[in-house]
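S.K.: Submitted below is the structure of interest, expressed as structure tokens.
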């Protein structure tokens with residue numbers, strides 16, 4: 001097992017949310033990177049090769065996170081990166097269904113609804129990085 005701290009990239013246009021998640025992750029000694037839109041997130045991921053990405057759905061437009069999630073498996077250096085998608089879209093758009101990971105349509109490891117309890121997020125991160 002490596003003693004290298006794990007790198008986590010937060011991709012979310014809500015700077016307050018990203019900062020609060022960064023504070024939670026810092027308590028567990030993760031190296032935290034942040035991007036505030038999908039393109040910036042993809043570029044930073046290619047450069048830094050994080051172990052896990054926390055990816056918001058709605059950023060500049062309602063489906064930006066979905067689009068980013070579908071580009072990752074097509075990017076050789078990122079295809080093994082774990083992805084936790086976070087969203088408030090169900091409550092914002094008043095949707096009557098939940099998003100579930102899907103190999104083609106939504107290639108992520110899990111989807112968490114905002115607001116997210118820090119304990120729940122940390123549990124998912126540890127599960128994905130094990």
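These residue numbers are counts, starting from 1, taken along the chain as shown.
Just so you know, glycine gets a Cβ as well, placed from its N, Cα and C.
What TrEMBL says about a protein is an automatic prediction, not a curated fact.
What TrEMBL lists as domain 'Response regulatory' is 7-129. Summarising the annotation, TrEMBL assigns 4-aspartylphosphate to 56.
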S.K.: Using DSSP, how many residues of the domain 'Response regulatory' (7-129) fall into helix, strand and coil, respectively?
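M.R.: Secondary-structure breakdown of the domain 'Response regulatory' (7-129): 50 helix, 27 strand, 46 coil.
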S.K.: So what pLDDT does the domain 'Response regulatory' (7-129) average out to?
M.R.: 90
S.K.: Give the sequence-ordered list of residues that share a chain with residue 56 (4-aspartylphosphate), lie 6 or more positions from it, and have CB atoms under 8 Å from its CB.
M.R.: 11, 12, 13, 14, 17, 64, 65, 85, 86, 87
